[in-house]
Amino acid sequence: MSLAPSDVIFAPASGVGGAISLLRLSGAGVARVIGALAGSLPAPRRASLRSFRDGRRGIIDRGLLLWFPGPASVTGEDYAEFHLHGGRAVRAAITAALLDLGARPAEPGEFSRRAFLNSRLDLLEAEGIADLIDAETEAQRQLALDLAGGAMSRAVAAWREALIGLMAQLAALIDFADEDLPAEVEAAMLASMARLRDEIVAAIGAGLAAERLREGVEIVVLGAPNAGKSTLVNALAGEEVAIVSDIPGTTRDAIGVRLDLGGVPVRLVDTAGLRRSDDAIEAEGVRRAEAHARRADLLILCGAAPDFVVPDAPADVPALRIATKADLGGAVPAAMLAVSARTGAGLADLLAALRARVEALVERGAGPALPRPRQIACLRDVAAALDRALAIDVPELRAEEMQAAAVALARLTGTIGVEDVLDQVFSSFCIGK
């Protein structure tokens, strides 16, 4: 995005056709636009009832005007809101008038981008806003709200302050290398550095769990043909998302459905029955099922009555073993959960077991976390630099590694070196954000 920051931009922040239409404006010429459309500037931060008019159309509408002079505004520049009636004709007329006055429609995320460029929010807060817009479940909302509200930004600021203090101590040790300083001084500095490194490592672990929460936990259902996988998926989803048939090999491709398990987003994936097949399409379905199993966060291994044999699964992926079609009889092994998707028996117990497993997968401890791969990568860079600094005995080289850690922290909040990230972050926003 390469746009002039001085342009007056505008965008609707509400849908068309409602009772009220909210229009946002930002830029150095907002006061001029207000003067042309609504007369004199109102008192800042107070709602004022005005008639909005232009020379060609006369009165366009009557509504509320709010004026926020920069830099004390949401974007850091002059900003206004028009609260008008929500009809399409009103929206079209006010848009035409704004275009006549030289304003232009905002690009996706441009309001938030200007707020970032004017230091009204940092990159972590901007990413939190994007995640809040996309949040589907309560747990995702809480995670995104912590990020958007600056909780992680404050944690990063504390890490930065601690790192700067350590760098100052190291600089003093280098400057006074000829002095007979007590060995305890350097030992205390290294102990503090190790504690900071441990905090960063803990944050990486929390971030990996939070990433799973942000992206959604993938649960893959595996079993032989006719093991009741599709019927089970339909029962858990509460709708018919997969075709059910007594004919083996009916499911030939992975079919996913989104679920909300206790506030955690889940993608439940039905797969082709695992067996050798001369049918090229079915064989490809089996290959894809095995690939999904290797990438899964959790497996449901289905074994149907009467023998309840479950398939082999990747050893590094946790699994629940389910005895499907339990209503048909047979001795269910003690390690398996008996379920009948046809009668509903055992489904509540299965959902409870899934919820417990899913909550354990996204457990990140108390406090906020960094859920995006970019953020976790920055933390890993910080931890790696601190590890190298702790392992080096040469003070000048140790200082270089600590500087590398500081640079990685700065990239985390967008202070430096993130131009390639900005377009990706803000382009995911809606127009009015």
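Here the Cβ of each residue, glycine as well, is placed from N, Cα and C on the backbone.
Going by Swiss-Prot, these are the annotated features:
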type: BINDING; residues: Arg24, Glu81, Arg120, Lys433; note: (6S)-5-formyl-5,6,7,8-tetrahydrofolate binding site
type: DOMAIN; residues: 216-359; note: domain 'TrmE-type G'
type: BINDING; residues: Asn226, Ser245, Ile247, Thr250; note: K(+) binding site
type: BINDING; residues: 226-231, 245-251, 270-273, 340-342; note: GTP binding site
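Taking the C-alpha atom of Ala272 (GTP binding site) as reference, the shortest distance to any of the binding-site residues Arg24, Glu81, Asn226 belongs to Asn226. Taking the Cα atom of each, Arg120 ((6S)-5-formyl-5,6,7,8-tetrahydrofolate binding site) and Ala341 (GTP binding site) are about 53 angstrom apart. Note: the Cα of Asn226 (K(+) binding site) and the Cα of Glu81 ((6S)-5-formyl-5,6,7,8-tetrahydrofolate binding site) are spaced 60 Å from each other. Neighbour counts of Cβ atoms within 10 Å were compared across the binding-site residues Arg24, Arg120, Lys229; the minimum falls on Arg120. A Cα-Cα distance of 50 Å separates Lys229 (GTP binding site) from Arg24 ((6S)-5-formyl-5,6,7,8-tetrahydrofolate binding site). Close to Ala341 (GTP binding site) in the fold, though at least 6 residues off in sequence, lie Gly228, Thr231, Leu232, Asn234, Ala235, Thr324, Lys325, Leu347, each with a CB less than 8 Å from its CB. If you take the C-beta of Glu81 ((6S)-5-formyl-5,6,7,8-tetrahydrofolate binding site) and look for same-chain residues 6 or more apart in sequence within under 8 angstroms, you find Ala13, Leu22, Leu23, Arg24, Leu25, Leu64, Leu65, Leu66. Annotation note: Lys229 (GTP binding site) sits in a helical segment as assigned by DSSP.
Taking all protein chains in view, 28 other C-beta atoms sit within 10 angstroms of the C-beta of Ala272 (GTP binding site). Other Cβ atoms within 10 Å of the Cβ of Asn226 (K(+) binding site) number 18 in total over all chains. Helix first, then strand, then coil: DSSP counts for the domain 'TrmE-type G' (216-359) stand at 41 helix, 36 strand, 67 coil.
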